[in-house]
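What TrEMBL records for 1-83 is domain '60S ribosome subunit biogenesis protein NIP7 pre-PUA'. Sequence annotations record features per position, and here TrEMBL assigns domain 'UPF0113' to 96-141.
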Amino acid sequence: MRPLTDDECKLFFEKLTKYIGDNISQLLERTDGKYCFRLHKERIYYCKESLMKKACHVSRENLRSFGTCFGKFTKTRKFRLHVTALDFLAPYAKYKIWLKPNAEQQFLYGNHIMKAGLGRITENTEQYQGVIVYNMNDLPLQ
């Protein structure tokens, strides 16, 4: 477990900025304490600083995970977000899409979203923009 290097920070924050914009500081400075991002076995974890200090006392071989996994670096050093980060990204999302119930089922089974399946979409959403997908009950799906 170690802090992120400059290159890793750049890749990670570029990916987060694609989804939540300038709200990254709100992830780190919350009212319930200070939070941080740490790298362990090519995965980035988001946790409280107090939990991170306690996890430092466990050896690297015995430490499986701590906090919430936001994603991992691939072997080609690209960053991929995991679905476990969805609960933290959804409140700060810049661009959102709401799906109709029939399209929601198809999307969850791995199919593409057709234009007829869109319930709503935030304004000024550009093509190839990172979006958070919701159902019509405002439950984030992916």
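The backbone N, Cα and C atoms fix where each Cβ goes, and this holds for glycine too.
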Secondary structure content, the domain '60S ribosome subunit biogenesis protein NIP7 pre-PUA' (1-83) (per DSSP, counts of residues): 28 helix, 26 strand, 29 coil
For the domain 'UPF0113' (96-141), the number of residues DSSP places in helix, strand and coil: 11 helix, 13 strand, 22 coil
Across the domain '60S ribosome subunit biogenesis protein NIP7 pre-PUA' (1-83), average pLDDT on the 0 to 100 scale: 89
